[in-house]
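Asker: Pasting in a structure now, in structure tokens, and then I'll have a few things to ask.
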Amino acid sequence: MAEDADMRNELEEMQRRADQLADESLESTRRMLQLVEESKDAGIRTLVMLDEQGEQLERIEEGMDQINKDMKEAEKNSTDLGKFCGLCVCPCNKLKSSDAYKKAWGNNQDGVVASQPARVVDEREQMAISGGFIRRVTNDARENEMDENLEQVSGIIGNLRHMALDMGNEIDTQNRQIDRIMEKADSNKTRIDEANQRATKMLGSG
């Protein structure tokens, strides 16, 4: 009889311990799920900010392209005026053949870069998960929730990986665009400075 009582006590203790571990494991999966959801939200906010930054860079580069077009027109007018005044003060062709100009604008004189960087689109592969994530002991609702939580965690982690790839691709694209903008800005500044010098000479000669 005493042995039966001891065995019952041991079984009850094992059951109590199993329940305790199940409760702790359930809380652990809940915390994991909360953390990855917070990370997902942070990732989404970062992607939105990168997208907004990309739109701003597009507007800036369009502005550089418009300045390039305007300068072409101004240089043409300056050349015509110089011919009318009997002067030869427009080194426009020399400028356009310079390495800096070609680097900024390529061979397309309208300011559209010939080789635009292509965005890399990462294919989203959906992985089918067979079976559960945990080894069942109590086989109750807690383990069902644990399994569901871990499945969600796994899915969100996969999404976070793709987000990280998207961020890396977008940052690379924007870095290349910033380099182009800097080159175009330098080219535009040089042209404006030279246009001012030509205008000063023409006014002085008048």
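Cβ atoms are placed via backbone N, Cα and C, with glycine included.
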Asker: Which stretch does Swiss-Prot mark as region 'Interaction with ZDHHC17', out of 111-120, 121-130?
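Answerer: Matching range for region 'Interaction with ZDHHC17': 111-120.
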Asker: Region 'Disordered' per Swiss-Prot: which of the ranges 1-25, 176-200 is that?
Answerer: 1-25
Asker: Can you name the far-off residues of the same chain, 6+ from the ends of the region 'Disordered' (1-25), with a Cβ under 8 Å from a Cβ of it?
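Answerer: Sequence-remote neighbours of the region 'Disordered' (1-25) are 134, 137-138, 140, 142-143, 146.
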Asker: So among the modified residues Thr138, Ser154, Ser187, who's got the most Cβ atoms within 10 Å?
Answerer: Ser187
Asker: Per-residue pLDDT averaged over the region 'Interaction with CENPF' (1-75) comes to what?
Answerer: 90
Asker: To the nearest whole angstrom, what is the C-alpha distance linking Ser154 (phosphoserine) and Thr138 (phosphothreonine)?
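Answerer: For Ser154 (phosphoserine) versus Thr138 (phosphothreonine), the Cα atoms are 23 Å apart.
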